[in-house]
Every structure is written in structure tokens, then in C-alpha cells.
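Handing you this structure, nothing more for now.
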Amino acid sequence: MNNNNNNNNNKTTMNSMIVTVRIRPESQSEILNKNCKTIVRVIDDNMLVFDPNDIDIGAFNNNRNNKQSQQPVEQKYIFDRVFDQYATQEEVFENTTKELVSYVISGHNASVFAYGASGAGKTHTMVGGINTGPGIMVLTMKELFSLIEKDRSNQYIVSMSYLEVYNETIRDLLITNTGGGGNSNNKVLELCEDENKQIVIRDLSWEYPTSADQVFKLLKYGNLNRKQSPTQTNQTSSRSHAVLQITVKQQNLQDKSKISFGKLSLIDLAGSERASKTLNTGDRLKEGTSINKSLLALGNCIKALGELCKNQQSQQQSSNPNFIPYRDSKLTRILKDSLTGSCKTIMIANISPNSSSFEETHNTLKYAQRAKSIKTQITKNVFASSTNLITQYNEIIKEQREEIKQLKLKLIQATSNNNNSNNNNNNNNNNYFSNSFGSCGNKNQPIKQPTPPTSLFHQQNQKYYRNDDDDDDDNDQEENNDEVLINEDDEEVDGEDSNNRDNDESMIQQLEEMSLLINSNLQDTLTLKKTQSIQRQRKRELENELKSLEKQQQSILNENNNVDIIKRTNEIGSQILKIKTLESSINEKLEMNNQWRRKLQSELTLKFVNSPKNLKILIQQARAATLELDRFDLTERMIDDRSKLNLKTNECKSLKDSLSWMFGILSDGFKLLTENNLATDDFLKDFLKSGDLINNLDNSFIINENNDSNNNNIIENDDIDLSFNNDINNNNNNNNNNNNNNNNNNNNNNNNNNNNNNNNNNNNNNNNNNNNNNVPLNCNNSNSNINNKNQNIINPSPLKPRRIMSGSNNIIKSTNSNSRMTSTATTTAASTATATTTTIGKEKKGEIRSIVNPINKISSSTSLLPSSSTKISNTTPLYSRTSILRKRTLEIDDSTDSNPRTKKINVSSPVVTKPKQLLPSTTTATTTTLSSPLVNKPKQILPTTSSLQPKPHTKIQPHKNNNNNNNNIAPQMNMNIQIPNPIPIPIPMHVQIPISNPIPMPSPSSMNLKEKLDSLSQLCNNRSAKNENYNHNNSFNSQNPFVHPLQMHPPQLQLPLHPPQTMIMQSNMDLKMKLDSLSFFNNNNNNHQAQNDLSFDYGQNTLSNENLILHNKIASLSSTLINQPHPMRVKKLTPTSTISSSISTRPITTSTTTSTTVPSVVSNRIKSLVHSNSPIKENLYKEKLSSTASATLTPNRNNSQIVQPFKRGVLGNGPTSSSSRLLPSSRTTVNTSRKIIK
């Protein structure tokens, strides 16, 4: 049959492989096993979800040992068609193979193969069963012969073969030898290729069925010969691959020169097996090995074909573009035409929905997904008629003509007998049937073997050659016989109608009962799920409340309410226990309903197999119920996932804020350590790593300054007035900067030396040297030119100061701000040292944090200070801690009376802006001015006017130098603080707030050095005095005066301050820093050089007796204060690197008497700070130097105030944490009296 010349010139078309998935119903053992769950959920006709995260049954474990340790995979797969557990054999056939039958008859090749693991339902799909009905093979042959019978214009020859591949050997299943397919007596067949490179199997038998019944008998016989053995996973496991090949030859009766040829291959593959799961040994193990080998080769071919098709689509070239490993197995060689030939292929992937077959199902879905990308070229097979075939047909025609003549003679004899005798009706009826169907009368006669389908041609040709006279005789005969047949049929119909009625009534009753059961199961399950959802929500609320109560119970602030907390905790525990009991009962009922639905999937088709219409109705109802339950589960899951996502988002946000806050403290410590030459290489490396981690934490941390510069919001706020004059040094008397737009960028190195400089920027076209991008800044030396981000400085009206959110800084400048920045500073760095600006976080709108990351070891002197003024009221919003790198050109006044001169130095240093906090409110308001030499930290408290009202603005005047030996003074930071009513809100430790009567402190400019030393001596001598009026109820733990910066509270928390009336005073360490500063201020023109201890070398013949006495006095006071050597070891301190003191504009002298008690812990702490080599030494040392020890003041009856230092207040906008405490560091009693001096 294959020796035909192929003259096919038809066009070829590309067609993708059709991939479908069928999910089998679960077995009884799988349903009863509580450890196994359903892991496949059908969404619609084209999509399924593998291993879903079901809420009611929990996430299933996708590992081999069924351990609930891994999260569900939840992979979504889309195929050409997905059949759920309710799908019938007819439904699968109609949506897969039915269209292929007409496709094959028209002269094309097609193949259908079932792929899957052992026990997944492949044989059930292809062959069928007694209870479930026939499979695809049987239904396909029925459809084929029905189409052939309907087509009267063509002649057809149908042939079939049935073989198996067992242990890599090919066996014929239709042979008549005894033993069957598994017997060794069967002949092993060989594969070969013909001249057209088509696969041919030698000695394979071909049968020529003439009806579907003959095909059923042949299939039944072949399946009995097929090798099957029971295994651990399947009692009727197929141990071989079965291939049913059907060829159809078509010849047009009008044009007999054209013959089309079509081939349909139906393949039932054996299932892949896992030896550890099947527990096979001996022959079963050998069979499983061969099966897995051939399936692996098939999988490799599918994978290679998929990659080849992808490369062809993308026009890419692979290493082996044309190599497909067909020869790895005999199965792949047989399926070569089906995979890559001119063939339309349909793959039916059979999977199990149970979790016991997790890996097998997952692998099957992956191979099916790959097979979707395979494309084949489809060509119609049309052959020219050969001479041998024509002669064969001529012989058939001759035989048919002879038969026609014989039949005509018989017909004549029969008609003559009918005229003679009218009583032989039975004989006439037989003659009628023989004359009507020609070849049926000769059905028992043998037919010559190369032409088995002759009966089909004979039936068709007989109809064409019949005479008209015969037709008339037959019509008369039909009228006589119809009366007899009708009478007999009426009697049979009456009996059958009564039986059918009874059957229909019982069937309808069963249908109604099953429909009610499905509906009741759906309603009951939905009610239980809704109740379960409500109880889960209630349980979460109670658990959250329980956690908050446990935190309150651990806090010392709620000792009085412990009884109520314990009572409420017990109530919540009992409620949670009841909810858990109710949930367990609900889960049991849900499991019972789920088991009933799973059983229904397999029992439904068995009960109503004889009534397909009723079966379809019930299947639709069951699918609708399943879809409703899935929709409810998905809705609940979406709600649950959304709540979890919001919770995680808030946690991530708080963690980011905490990390940014902690890194801000670390950057401050780095600044102080590098300024004092205490930073080690390990610390610098760790600091760089932490900076990179913070920078790469999230893209949301990085601010797009292009957007910020174009969207700078001007916020009118009467409560905040912050002025920073750091970037532009204007030596002016009147400097009016009117910036009506926020997109004005100024040059960092801009020095305006004009007396009147009016800058009116009313448009957006101000182009400067600065770009609004996060560009790293490289500083190779101290004189490196860096273009940094500028600020938009405005000059609002005196009544309504405005707050500008500009780029990375919040700038608000009050009216008539006349200032002159004259500072002394120097920066020294190694020649290879560099610094980069790293953007680490977005604390609030328009704020950015930048730090200097040194790559090599950097040594520098003390930082340069900005001039700032702050005005805060009771409605002040919280703001965040920022550390901003600024490039400044400072004017250094390095002049004497004889040699006046100035220097300009480019300096890059981080300027720390301290965090906002809500301040306690009072009925009266005071104004205080604070200054700091190192960071923006309070140093002094200045008295206010008698009106106790805040000034609308402050004036920062240049320092008036009354002493020739005084050097350039650092600019002063003034803070106008309007104090509202007292409320228990924490105050940062760097802010000093008097409550009712402000404490007048001496101004450095109004006192000479002797008066300063006298007052400081009095403070140090009285520090051992005890405070008898100390209120112990307001005290806190004082064993830890110094706190590591990373142990401080994150910005989103706030601690309540007890008692409500608070005041912050300076610590002993701050006082010591003041003594050291005074020593530097008094002698910085004499080229001082600091030694390792507190002894200073003032040079030769440059120190007067008076200064020497003062120096000794300072040293003794310092050592008395701390009882330890000074921790700051500065080497080679130059005159331009000294710390300048802050000068107040109001000469006020105050006599102060202070009694201070310093615990011994302070001394030990400083020892550990100085001599320890721990990695946190720098941070602790920074805390000691830069932070002012806070104190709490409580009014006393003796008109004295108790100072209680505590740990730095927590930053940010969070709720109060009851578990945190404010720890005191020392107790100080201050008696003050004011004396105003002109």
C-alpha cells in the first residue's frame, strides 16, 4: 500500500500541537486518606491551578515526604482544553478526536496520544471500560464508519493494525498465535524506512474491517493480548505502549485517477513509574525501567522540538538546530510522523488531582506546557493511481458484474414463483431482502483475500446497476410486507412503552434526589465557610488585643492596672479557646462535605450512564456548585492576602524608618569619630557596608529630585520658623532674597560682597551649576570642588513665616535676617581619601538624608556650624532626623590688628538637623536661645523679656570682639521656643526648655574668663551635694547614663514622659566639653599642640602667668569632674581648627549654684569607652560627646528644681511604647538667681 508515487503539490500549513488535560476522579482510598488533599483546581475550560493555597484545608506541602514545611507552588497553566473530574468519554471525544476523523478521510495524517503517569487514566481515556463506556479508540472507529456510509460519491478502503512496544521490542497484538502480546512465542518485529523515509514495520499484520462491530472485536482481542500487571499504584497497569494505526484510502468514483491516503494513530502510552513508590521488583522493575526510558526519550524529543520551534519564531540559531533524538527509543521512531511529519497531533495529558501524585502531576504539566510550542507541517496526501492498483480494481469490477447477473436470474425466478403461489410469504420476504441489499445475500460466501473491502464496493455498485423494473416490483412487495411488520411492531411497542415509562419515572426520581443533594451540600458548605471566616477574623482581633495586653503588663507604667489586664487576658484566652473548638467542628463538617463531592465525581457517571441527557444536567449542576465554592474561596483569599499585604507594608515601612533613623545616628558617630581621629579602618569598612545596604534597601528610599524640584510645595505655617544660612555667605547689611518659585538652584560657591543685593527670581529659568540628581560626590582632598544641592531661601512676611519643602532640606527663613558667618575651620584628609554622598532615605515629603562615606581613613578637625533659628509652638508637627551634606565656601577671618586677611576654604561636612518633637504646652510662653559648638545641640539658655511672648523673628549679629586674643567665633544657633501647656509628651534631649521661670545663664561674651572659671569651679565643688527634695516617684533607673545609639527607640514610637512638667539640662560631660573649649578659645593664637592627656604645650615664652594659672585651674576642674583622663586625644591642633564659642547679643550675668551627683558608673563607662576596642566604641563615644544629657525638672516647695536626666526621647510619629523606659544618668539640683548687668 505504501508503494505509491507521491505527486502531492498542495500547499503546506503550519499547525501547533493541540494539548488538552484530563483530570481523573479520585479513588476511594485517596478520598479517605486525610493526609492527601486535592492539589488541582479547574478554573475554566482552558485554565487550571496546580497546588492552590486553599484557605479551608491549608497550604499543601509540595515535597515528597508530605511535610508541611513549604509554601504551595500555585502555578497557573493554560491549555487548549481542560477536562475536569466530571468529564465523560463522549465529552472528551467530541472535543478532541471527532474533528480528526473527517480530517483523516480527506487525506491527512493525524495522531492522538495519551500521556501521563501510571494510574492517571490513560487507558481509561483511550480504550474505555465496562462501567464507564467505550474510549476514544472505539468512538473514533464508530465515527469513521458512519461517515463512510454517508458518503456515496467515494470509495473507501479501511485497514488497521494494533501493536505494542514492550521492553523496547515491537509485538503484534492481532496475530492468531497463542500466548498474546506478552508471550515470548510472538515474533519480534523490526522497524525500517521506505524510499520516502516513512517508518515501516516489517511483518505487521493488517486487518480490513467493514464495520464498527468488527473493530470492537479486534480491539478486544488485542487488549487481551496486551501485557498488563498489577502494581502498587494501579491494579491494571499497562506494561507496554499500545499503538492503533488506521489507514483510509479514498477514491473518487468520477475521477478514479486521484487517490487520497490518510492515517490516524491512536497511542496509549504506559505510565511513568517511580521505583520507590511502586515497590516493583524482578520483571516489574525491568518493565518500569524500559517504560521510563522510552518516555524520557519522548520527553527529550518534545523538548527539542519545542526549542526548535521557538528558535524558528525568534530567528535564532542553536548549536544543533536540526537534531531531534528520535533514535533513542523505538517509541519515538514510531511517533516520528505524529510529532514532526505532516500530521495534526492532539496530546491528552492525564493527571491525578490528589497530593499523593504531586511530582508526577507536576512533571506531566511541564511536558504538556512544552508540547504546546511544537508546530508541524500539515500536507494533504494525494497519490496518482498506479497500474497495479488499476488492474486490481478491474478484477473487482468483473467479479461484481458476474454476481449481478446471477442475482438477476434469481430475481426473475422469484417473481415467477410469486405469481403461482401467494402463500409463500416468508420466501418472498427473504427474496426481497436479498434483492434489496445485493451483497447481503452472499455474506457467507468467501471473498478473495487481497480485496477484503469488496462487500462495500458491491453494496454501492449494486445500487447503481439495479433496473427500474426491479424497483417497481420491490415497491409492491414492500406494501404487502409493511402491514405484517406493523402489526408485530405494535405489540412489541406496547410492552416496551410500559417498561420505559417505569424506567423513566424512576430515573426522574433519582435525578431529582441527586439534584437536591447537590444543592443542599452547596448551601451547607457555603454557610460553614462564612461562619469559619467570621470566626477567623474574630480570632485575629482577640490575638492582637492579647498581644497589646501582654506588652502593657510587662511595662512598669501600668502597675496599677495589672489586675484589670490579667482579668481581661483570661477572658480573651477563654474566648479564643471557644473559637478554636468551633473551628475544629466546622473543619470536620467541611471535610465530610468535601468527601461527598469527591465521591460524586466518580459515582455520577456510573449511576446515569444509560441516560446521557440526565447525566449532562447533573454534571452542569455539580460544576456550578464547585464553581460557586471556588469563587467564595478565592474572594476570601483575596481579602486575607490584602490584609496581610497591608500589614507587611506597614512593617516594612516602619523597619525602613527605623533603619534610616539608626543609620542617621551612625553617621553622626562617624562624623565625630573622624573629626577626633578615633575612627578605625574596621569601623570605616563597616560604615561603608551599612551605607551600601541602606542605599540598596529599596528604590522607594531614593528621592527623584527632578520631581521634587518641580513639585516643591510652599506650606504656610505660623508655628515653624527655621533658618539655615549655610550655603551662601552674604556679607551684607540688607539681603532680600525673594524666591517666588521653588525651582531656583543656587551655586554653592556663591559669595556676595555687595552691600545691597536684591535677588528677585520670578520664573523657572534660573540655570546654575547645580543639578537636582542624586550624584555621588567625590572628594579627593580638602579643597575639592563639589557641586551640591542648594536650598530655595525665601523671605516671607513677618506675620506669616512659610515653610518650604525643597529638594532635600526644609528651609524657612524669617524676616530681616541679617547675619554674618565668620567661622574658623579646617579639614584635613589623606591624599587618597574620598567621600561620596549616599542617599539613604526619605523621611518625609521633600526630605533626604545624605552622609559622607569615607573610602580610606579620613582625619578632620571639628565641624563647621550653621546659623539657624527655630520657632516651635504647640501645633508643631513632628519631623525626622536628617543629616545633610553641604558644600560651603567659608570665609575664614584669619587676621590680626597688624595683618588683616581672609581665607576661603571649600568644606564638605554633614550638618545634623535634630528631629522634631511635640513640646509640652504651658499657659505662658518663653523664648530660649540655644547654641552648640559641635552639632546643632543646646549649649546655653538665655533669658527672655518680661512679656514672655515670642519674638516675630531673631537677628543674628556678628560677634563683637572685645578681646584681642579672641579668634573667629562659630556662628550661633538661635532657637525661639514657644512653650505650650504641659502634657506628657517626650522631649528630645538636645532641647532645653524652662517651665515657668527661665534660668538665666551667663553669656560667654558678657563674662571674662575669671568669672567663667569661678562659676564653673562652684559647680564642680558642689557636685557631691545631695538633693533632699528629690521626688522619688518621678525618678527612673540611673544605672545606665550612656546609651548606645543603636539601642535608642525607632522614630515611629513615642514614650510618655512622667512627670508632665519637664526640663532638659546639660550633662556633666557637656560641662567638661565647655571647659575644654574655654581652654582652646583662650589660647588658640599661640599655636597650641595637644598632648595625649589634658596637659597642653603652649609653645615657648608665649603663655602668660595668668593664662597658665587659668589653664591649670581648667585641668583640675576637668579631672575632678570626670575622674578620668580626657578621652579626646587630639594631635597637632592648629590655631584655625579650634572650637569657637557662641556669643549672645544680650550681656547678662547670672550667678549659679549647682549641686551635682555623678554616679561611679559614669567613670567606668568612660573608661570602657576610651580603652575598649569594641566596634561600638565610636558610637558610644559619639553619644558621650555630641548628645546633651537630658534632665527632668520638677518644681519643689523650696523653690528649687530637681534635674533628672533621662535617655534621649524617641523620634517619629508612632504610638507610645509602654515597654520602653527613660533612664536617668545623674541627679542635679540647681538654685538660680538672676542678676541683670548692663
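From the backbone N, Cα and C atoms, a Cβ is placed for every residue, glycine too.
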For the record in Swiss-Prot, which of the ranges 231-278, 567-614, 1191-1238 is the region 'Disordered' one?
1191-1238
Per DSSP, Gly119 (ATP binding site) is which: helix, strand or coil?
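Its secondary structure by DSSP: coil.
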Averaging the per-residue pLDDT over the coiled coil (527-602), what integer do you get?
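For the coiled coil (527-602), the model's average pLDDT rounds to 86.
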Using the centroid of the Cβ atoms of Gly116, Ala117, Ser118, Gly119, Ala120, Gly121, Lys122, Thr123 as reference, list every other same-chain residue with Cβ within 8 Å of it (recorded ATP site), in sequence order.
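The surrounding set, listed in chain order, is Arg24, Ala114, Asn234, Gly271, Asn350, Ser352.
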Give me the non-local Cβ neighbours of Thr123 (ATP binding site): same chain, 6+ apart in sequence, Cβ-Cβ under 8 Å, ordered along the sequence.
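Expected: Ala114, Gly135, Thr236, Ser238, Asp268.
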Cβ atoms within 10 Å, counted per site: which of Gly116, Gly119, Gly121 has the most, among these binding-site residues?
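Neighbour-count leader: Gly116.
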Tell me the Cβ neighbour count for Lys122 (ATP binding site), meaning other Cβ atoms within 10 Å of its Cβ, over all protein chains shown.
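The answer is 27 other Cβ atoms.
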